[in-house]
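Annotated transmembrane segment per TrEMBL: 13-31, 38-55, 91-109, 121-138, 159-181, 209-234, in sequence order.
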Amino acid sequence: MNSIYSKKMAEEYVWYFKMSIAFGLLFTFCIYRNMSGITFPVLTAGLILFSVMFLDRAGIKPGKDSLPYFLGIMLLGISTCMTANGFFHFFNYAGIILLFMAVMIHQFYDDKNWGFAGYVKKFFIFSWTWFISLSEPFRHRITLKRGDGGEKRKINRNVTAALCGLIAALLFLLVVMPLLMTSDRIFSQVFTDIFRVFDIESILENVDIWNIAGIILTFLVGGVGILSFFAAVFR
């Protein structure tokens, strides 16, 4: 679309990354195990708000002609929580995605004279660009922008020293702990009781691993999805 906006996103990547995390949390709260509940309109409103903020950060102000698109997205969001019909849910989801793509395309192109074929072509191109942009969140590296190279080397040395100290402490415990536990019965009993409290197997039995995995996956879909979407928009 425009390399200026792509460069702007790269410069402001930390901000976009933080906002994507916030949207991922909202996305997870609104639709995890409840993709058509009362919180779905909240998600569509959040989607519009975050998209306006993302565009504004890049110096783009959505015009009044964007309002019908946003209104359509909100109405589809409200409609989704008002029915239990899966058929309508599917087309509402598709409609929201298409309207969202259309309003983003509208910010960069003069689409007044486009026909149906023109929109379909742009949708396919944009969908492919979105797909190949899924790796964008993982390509950027958030680096410390403090001081010169000497200060960065100092930070690296401090990190290395801390890691070496941690490894040395762990090795010391691995050697000393068995000796203490075999030489002192009271010490041995105390640590046996502590390890019994923190029984990993018992803890795992009471933790719903699949539920946690589902929450993490939903969060990634929301956070990575919106960040890669705007990476595609600004290409």
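Every residue, even glycine, has its Cβ placed from backbone N, Cα and C.
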For the transmembrane segment (91-109), find every same-chain residue at least 6 residues outside the stretch whose CB is under 8 Å from a CB in it, and list them.
1-2, 44, 47, 51, 55, 60, 62, 65-66, 69-70, 72-73, 76-77, 79-80, 119, 122-123, 126-127, 229, 233
With a Cβ cut-off under 8 Å, give me the same-chain residues at least six positions beyond the ends of the transmembrane segment (38-55) that come close to it.
16, 19, 22-23, 26-27, 29-31, 61-62, 70, 73-74, 76-78, 80-81, 96, 100, 103-104, 107, 226, 230
Could you pull out which residues elsewhere in the chain have a CB under 8 Å from any CB of the transmembrane segment (121-138), counting only those six or more residues past its ends?
17, 20, 98, 101-102, 104-105, 109, 114, 223-224, 227-229, 231-232, 235
